[in-house]
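> Below is one structure. I have some questions about it.
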Amino acid sequence: MRLLIASTTKPYTTATTPQPPESSVNHTEVSHFSALAASWWDPYGSSRLLHLMNPLRHDFLRRCLSASPPDPAQKLDILDIGCGGGIFAESAARLSMAQSVTAIDPTPECIAVAKRHQRSDPLLMEAGRLNYLQTSIEELHNHTTTANSAGARGDREMKQYDIITLFEVIEHIRRPYPFLSSILPHLKPGGWLIGSTIARHPVSWFTTKLMAEDVLGLVPRGTHEWSQYLIPGEIREWARREAELNTSEGLGWRTMGVVYVPGIGWREVRGSEEVGNYFFGVRKRGDGV
Amino acid sequence: MASTALLRRVLALPPHLRRSVYSSATTYHGASQPDIYDVVCIGGGPVGLSFVSALRSHPSTSALRVALIDSQDLSTARTTKDTETFSNRCSSLTPASLRFLKQIGAWEHAKKERTQPYHAMDVWDGVSGSKIHFDSVDQQQTGLLDAVAEMIPGSRFQASRRKYEVEDVGVATMCENANTTSALLQRLHELDEERSKDRLIFDMLEKTRVESIDLGPESKDKESLDLSQWPIVTTSHGRIAARLLVGADGANSPVRQFADIPSPGWDYNQHGVVATLDLDQQSTAQNLRTAYQRFLPTGPVALLPLPGNKASLVWSTTPQHAAKLKTLSRPDFTAAVNAAFRLMPLAWRENATPAASTGLPRNFPRIASVQEGSIASFPLRMRHADTYTGHRIALIGDAAHTIHPLAGQGLNLGLADAEYLAQRIAYGVDHGMDVGSCWTLDGYNSDRWAKNNAVIGVVDKLSKIYGVGSGPVVWGRSAGVEVLERLGTLKGWMMGAAAGVK
Ligand SMILES: Cc1cc2nc3c(=O)[nH]c(=O)nc-3n(C[C@H](O)[C@H](O)[C@H](O)COP(=O)(O)OP(=O)(O)OC[C@H]3O[C@@H](n4cnc5c(N)ncnc54)[C@H](O)[C@@H]3O)c2cc1C
């Protein structure tokens, strides 16, 4: 069998744990990951699999939005949590449907790399199109409310987004449910929270811990904490407990399992969401939906 | 400092590009900010124009800001109204090329009365008289390409194997390049009218010479826009920056030179003599037409049908012979062409040679005269760029490859490049990619390079097998042709090549 379930979690990522009043950022992990910052935009570096996966993120996003397609004239505000070097954030900011992308990561080196790369694209340098912030989700309102106070309506509450993305992040979070819940106030009614992660399953232990870290060394050892992985059912259970989320299949809840096939690339494989990499999307109720 | 090293890695280029990038980055002195485009296409030949039309026709790419630059006045490329004269620059368009031109809305603007489909091709060996007849039914056979892959050592034809598209058009359709070009220009004009409100996004820069291509300036500080890895095209009209610079600029491609992409190959030591001919047979649109090609020791000579009693000649021969042919009077040239198709090469006296023994097909027309001023010649070479892409660079058409005209594939390969690159860009736009990055371009390079290389390899080998006048190769090749005529599979291969395997 040449079919592998690949581990492509980010080589470094946000390590946000919601434990106020202390900073939610785990500094050991932040410094561990920042050492790898140079490789984000190297096409043959350790982020290659993430680059290759990026188109599928867009395919999945579009599939979620198809539940009730937004009016093309209405441009969307997007928040990307754990943006790393900006692979998804940049691509989202180029979409014709995007009004703005706010991309956050607590690792300073990530934000530095992301900003440096942003400068090589005049489109992304247009005012307001792509904003990187070195922050955690808990601190975000401190940045955006000030940034937004000059906005049209002078919002008293924190800025809300049409789409919030969370790619390859929650497997690094020690207490994922409070973390997920802390995101919801940032989501507009009717908006989608979209993420990707790896399911906890013997297969994913084999591929992401044993093969990717120990045997092949594709990603640094300690990148994954297999026991923290969530299976799709667990995320859906969390979503059902959140009254403001719509979890009915297709309209408010979606998953898509993807598999990396060496030599071919990432492919959607039905059912694989139970054993390896998968996307999930869940929608906030409201605005007539 | 660490950040310099980082920058280098972040902006990593393929090694063959690096040299030109760093050398020119330091020599650039730009004052004002260049005008920024998503796609700058240099070259408004049939390939460049079809590429730009494809971008402008597709909903995902129609909003890209595109510039097309050509040093020529493209409006003069129109065909003449006169139906009695035809340009000597004609190409046989395969069904795959026609489908592409229809899909982008260009073919409906072509003057159909000036195009000529043909339904069969007769090929025979001028030394042994062995012959092989192809017709469009053969296309439907399967496994043809595999057969050839086995026949020709080293051929990578299998890599390009695909099902043929069987259409009603027969083997291929002869069309003057100017007819194709002016259809594409009309289509671009039509698209401009449709979208006149956002006129800014497409600029046709004709009669504009590319003076230089450099990389952009280093940015002044660590905050502002950094175009140091963007190609900046300086023309007689100013400077423009390209997110993606496409070289559709022909065999001597300035874009390829800027990107420092080697394009190895060899000269065939042959020239292609082209001319427009009058035949003694008059046909109507209803007649089924045949193309003819005879392999002579000096190279192949081909007669390709045009409407009425017209035909297009492509005669590949030695440079000396080509030079001689161009000096002949029209009646003498006509006699030479008749001889090339009808005589045994060493005899050159028609009545001494019984026609059937030369392999001459029945119904083969006699050439009555040659159109005034239509005789021209060009050197034949084989070139294939090592890669079609670099950082913010893509090559299409003759800029990427030139091949021997014996299978009539040059333009068809270029149109397929244009179609595929435009498709990749549409995919890139839909997925938020930087369309100048390797994430968009790699797929174009890997797909088209392998396919073209397979065709180039087979055409090159055929031209070599048939480029030798005597000895075992002649014996071997005529035996080969006869065996294959019976097998039917090689026929299918050549049909596949002529009809355009997509
Ligand atoms: C006489 C002849 C007969 C042929 N017959 C056939 C045939 O039967 N079938 C077939 O498939 N192929 C045939 N070919 C090959 C075919 O014509 C080419 O493959 C085809 O024209 C390639 O198109 P292109 O657009 O890539 O390049 P070109 O047609 O060469 O166009 C290049 C364009 O780039 C422009 N350009 C170049 N440099 C610059 C610059 N510095 N600044 C601005 N503009 C620039 C030129 O003005 C030109 O318009 C033939 C070729 C020749 C020469």
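Any Cβ shown, glycine's included, is placed from N, Cα and C.
Fair warning: this is a prediction, and the values are worked out from it, not measured in the lab.
Okay, these came from TrEMBL:
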type     : residues                             : note
REGION   : A:1-25                               : region 'Disordered'
COMPBIAS : A:8-17                               : compositional bias 'Low complexity'
BINDING  : A:Arg57, A:Gly82, A:Asp105, A:Phe167 : S-adenosyl-L-methionine binding site
BINDING  : A:Glu168, A:Glu171, A:His172         : Mg(2+) binding site
> Please classify the secondary structure at A:His172 (Mg(2+) binding site) using three-state DSSP.
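A:His172 (Mg(2+) binding site) sits in a helix per DSSP.
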> In the three-state scheme derived from DSSP, which category covers A:Gly82 (S-adenosyl-L-methionine binding site)?
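Going by the DSSP assignment, A:Gly82 (S-adenosyl-L-methionine binding site) belongs to neither helix nor strand, so it counts as coil.
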> Could you check the binding-site residues A:Asp105, A:Glu168, A:Glu171 and say which one's CB has the most other CB atoms within 10 Å?
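Buried the deepest by this measure is A:Asp105.
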> Roughly how many angstrom lie between the C-alpha atoms of A:Asp105 (S-adenosyl-L-methionine binding site) and A:Glu171 (Mg(2+) binding site)?
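Computed Cα spacing between A:Asp105 (S-adenosyl-L-methionine binding site) and A:Glu171 (Mg(2+) binding site) is 15 Å.
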> Taking just the CA atoms, what is the gap between A:Arg57 (S-adenosyl-L-methionine binding site) and A:His172 (Mg(2+) binding site) in Å?
19
> Could you find out if DSSP has A:Phe167 (S-adenosyl-L-methionine binding site) as helix, strand or coil?
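Note: A:Phe167 (S-adenosyl-L-methionine binding site) is in a strand by DSSP.
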> Please find which two of A:Arg57, A:Gly82, A:Asp105, A:Phe167 have the most distant C-alpha atoms, given that the record lists them as binding S-adenosyl-L-methionine, and give only that distance in angstrom, rounded to a whole number.
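The widest Cα-Cα gap among those binding residues is 19 Å.
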> Distance check, please: Cα of A:Gly82 (S-adenosyl-L-methionine binding site) against Cα of A:Glu168 (Mg(2+) binding site), rounded to an integer number of angstrom.
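Roughly 8 Å, rounded to the nearest whole number.
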> Check A:Asp105 (S-adenosyl-L-methionine binding site) against DSSP and tell me helix, strand or coil, would you?
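Strand, per DSSP.
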